[in-house]
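Copied from TrEMBL, the annotated features are:
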BINDING   CYS87, ASP89, HIS135, CYS138  Zn(2+) binding site
Amino acid sequence: MSKMISLGQLTNQCGNKLSRNDQSSHTTKCSLGLNEAVNKNKLTIVLSEEDIPSRFKNTPIELLLRYHNLRQTFDKYDKAKILVGMCMDNRKHLHIPDNFAYIIRSAGGNLRYSEFKVSYSISVGDVEAIVLIGHNNCGMTNLISKEQKFVNGLVQKCGWEEETAKQHFRSYLPMFEIGNEIDFVIGEAKRLREKYKSMLVVPLFYNVEDNLLYIVEED
């Protein structure tokens, strides 16, 4: 069965990575390493067919969880069923069939500046659902702590003036700082539901330590 895991617990737990060959009987205790975990939010891991919530049955969300977490045999698609919004982070890779999804990768999984692409996927691409996938240890949290490295990199690798690089960083900082990863993906899902009222919009969470998707339990 699935296990409800509070983020406070996850931050303090450490265990072995989940075995792909024993998913049905193993409940992960890997630490998610969340930057600003809040106890009110919970994650549910999907390790078997029974763990998929009934609200996702017969939707592309169910298929995504089956393909990625449960390693269901791929079906063939000639058109996309779902739009995936996820971070550009190199540690994240979805195990899904060809043609199953439109995928928009952006810093922090922030789709505020990709809304034309979202609208296109819905109207022209005819997707049936949108899934927003956050992840732990996201580089877009606490961005201010990365300012000096950002500036130094542009100066050393690209020949920028230090002040120009600093202004560049600070001008974009408010646009790309996401704060807490869980709170952000919940808020972004709510925002998109309001904008695209008829669409199924679901937040999920990718644990970069076990490479599995978790269901985000919203308040």
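Using N, Cα and C of the backbone, Cβ positions are placed for all residues, glycine too.
Using the Cβ center of CYS87, ASP89, HIS135, CYS138 for Zn(2+), the list of other same-chain residues with Cβ within 8 Å runs, in sequence order, MET86, MET88, ARG91, LYS92, GLY108, GLY109, GLY134, ASN136, ASN137, GLY139, MET140, GLU181, TYR206, VAL208. In the three-state DSSP scheme, CYS138 (Zn(2+) binding site) falls into the coil class. The DSSP secondary structure for ASP89 (Zn(2+) binding site) is coil. Cβ neighbours within 10 Å of CYS87 (Zn(2+) binding site), excluding its own Cβ and spanning all shown chains: 24.
Other Cβ atoms within 10 Å of the Cβ of HIS135 (Zn(2+) binding site) number 23 in total over all chains. With every protein chain in view, the residue among the binding-site residues ASP89, CYS138 whose Cβ has the most Cβ partners within 10 Å turns out to be CYS138.
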